[in-house]
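Quick look at what TrEMBL annotates:
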{"type": "BINDING", "residues": "50, 51, 52, 111, 139, 140", "note": "L-glutamine binding site"}
{"type": "ACT_SITE", "residues": "82", "note": "active site, nucleophile"}
{"type": "ACT_SITE", "residues": "176", "note": "active site, charge relay system"}
{"type": "ACT_SITE", "residues": "178", "note": "active site, charge relay system"}
Ligand code: GLN
């Protein structure tokens with residue numbers, strides 16, 4: 001693919017601006033996606049952190065759920081952070097009644113997994129794919145309870161809990177690289193987009 005990768009940020013709710021700004025710094029051509037026509041313009045999508053229940057409802061209201069599911073099935077790379085990871089997971093534990101995900105990522109993800117005392121915290125992660133350690137910010141984040149055979153572990157907490165998964169072009173993170181100047185996950189996503 002020639003030129004800048006054309007990527008979207010799902011812009012229904014959540015920390016859309018932080019992702020868009022980081023992707024632009026990394027040289028991507030960024031579209032904010034609120035309608036199916038905008039999704040059709042991009043070769044990759046970031047699903048931001050925020051509230052998965054709200055993003056799910058708005059995606060259905062705006063007619064985006066099926067187009068996003070189709071794009072994932074078609075192999076479009078997607079980076080989902082926090083609520084975005086929940087929306088990528090095939091199975092969500094502690095969802096609210098009627099909550100749906102886009103799915104595609106062969107993993108079981110539990111919402112709000114870190115309880116009240118540790119709703120927000122920073123931790124140093126093990127990410128074998130990178131040379132240097134990752135300091136990650138968690139904000140009422142989910143945890144990956146099970147990783148299915150089609151997915152693999154990308155990041156773990158010191159206690160071994162899984163907080164990052166990938167499967168072909170899908171990357172799901174429990175934390176927020178976009179708020180700690182951590183660019184490596186977004187670079188990895190853009191690399192997947194460019195290789196398609
Ligand atoms: N707790 C939120 C949810 O269930 C996720 C939090 C976040 O994205 N920072 O969607």
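Here, residue 1 is simply the first one shown, and the rest follow in order.
Just so you know, glycine gets a Cβ as well, placed from its N, Cα and C.
Ligand 1 lies under 6 Å from the Cβ of the following recorded positions, listed in sequence order from 82, 111, 178: 82, 111.
When Cβ neighbours within 10 Å are tallied across all protein chains shown, the highest count among the recorded positions 51, 178 belongs to 178. Cα-Cα distances to residue 52 (L-glutamine binding site) place 82 within 10 Å, out of the active-site residues 82, 176, 178. Within the same chain, residues at least 6 positions away in sequence whose Cβ sits under 8 Å from that of residue 82 (active site, nucleophile) are 48, 49, 50, 139, 140, 141, 142, 173, 174, 175, 176.
Working note on the recorded positions 140, 176: by count of other C-beta atoms within 10 Å of each C-beta, 176 ranks first.
What surrounds the L-glutamine site, by Cβ distance within 8 Å of the Cβ centroid and not counting 50, 51, 52, 111, 139, 140, is the set 14, 49, 82, 83, 86, 112, 141, 142 from the same chain. For residue 111 (L-glutamine binding site), the same-chain residues 6+ apart in sequence whose C-beta sits under 8 angstroms from its C-beta are 52, 86, 92, 93, 94, 95, 142.
Mapped onto three states, the DSSP output places residue 139 (L-glutamine binding site) in strand. Residue pair residue 178 (active site, charge relay system) / residue 51 (L-glutamine binding site) shows a Cα separation of 16 Å.
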